[in-house]
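Quick look at what Swiss-Prot lists:
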BINDING   166-173, 191-195, 213-216, 284-287, 319-321  GTP binding site
BINDING   173, 193  Mg(2+) binding site
COMPBIAS  346-356  compositional bias 'Acidic residues'
DOMAIN    1-159  domain 'Obg'
DOMAIN    160-338  domain 'OBG-type G'
REGION    342-363  region 'Disordered'
């Protein structure tokens, strides 16, 4: 299902009602004292995280939300009724920014999390509050305060545990198809993936994790080349990055070690924090190498890559197209995720201004 992951909206909480300036006028009490009640508070606006919502598309069509004004106070000490609050339901993973300052107002990271994003104005005071020993018939009252008014930018960042990195045509979409229920487009040409994809990987009946596939990076991506760099924001909440490398490229001029090193370089240039996440090397397309040559090809690559990058993390040779080697990878990911704490959400890159579409497929 396609969904919008960014929207801009205007919100205005309700103004407070005005206080009343009235006096008791009862039989036999023609000069009664003040009895003007206070105005009601304006309705506030809240954002609530809802795991049953997967998109911000509703906020593309309805962009203005204005809270109800509090009612004015009345005579006989009648206080005005408060304005009704507005509840805006958003997907879990939505980050709410002040559009003008880019300050993060709220980060909806858990289901049913509720955050006030615009406070309703206080009701004005009735003249009953201004009575004193020297002023027994006050005509003073105050008007209600204005409700808060904001322009907001909503950004949905997918909540995936594992993210896939690599050049176009490295086999990322093939891998996510092989081990999850996601069904991204797969073809034998680069740039097949044009939008991020999510897939739920079932380890067993009780364990699963979410994997995100984004369009491939190319050299020069940090300077704007290709599609992948604009989608990297969707990997910021992942806990493990899988760097897929085509170990058997068809192009004789291709150098897998050089290409893999280039991807890491682009990642560091664009987002050093993302580059510092645990990153595992996955050597794909083992099926294209004769069986008797596979072990040597893997050893030679690892030796050259470690020399070029000082990499000392785990390495998983696989053939995504037929599933070879994917089970050890899945179990290793599951075990590592169990030992890791959930990432702190809030320290996010605020420079992404593009609006994207994501394809989410789960079981």
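Cβ coordinates come from backbone N, Cα and C, glycine included.
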Neighbour count (Cβ, 10 Å) for residue 319 (GTP binding site): 23
Distance [Cα-Cα, Å, rounded] between residue 173 (Mg(2+) binding site) and residue 166 (GTP binding site): 11
Arithmetic mean of per-residue pLDDT over the domain 'OBG-type G' (160-338): 81
Three-state secondary structure, which DSSP defines for residue 172 (GTP binding site): helix
Assigned element (helix, strand, coil) containing residue 285 (GTP binding site), judged by DSSP: coil
Binding-site residues (169, 173), the one with most neighbouring Cβ atoms at 10 Å: 173
Neighbouring C-beta atoms (10 Å sphere around the C-beta of residue 172 (GTP binding site)): 31
CB within-chain contacts under 8 A for residue 285 (GTP binding site), separation at least 6: 171, 246, 247, 248, 319, 320, 321
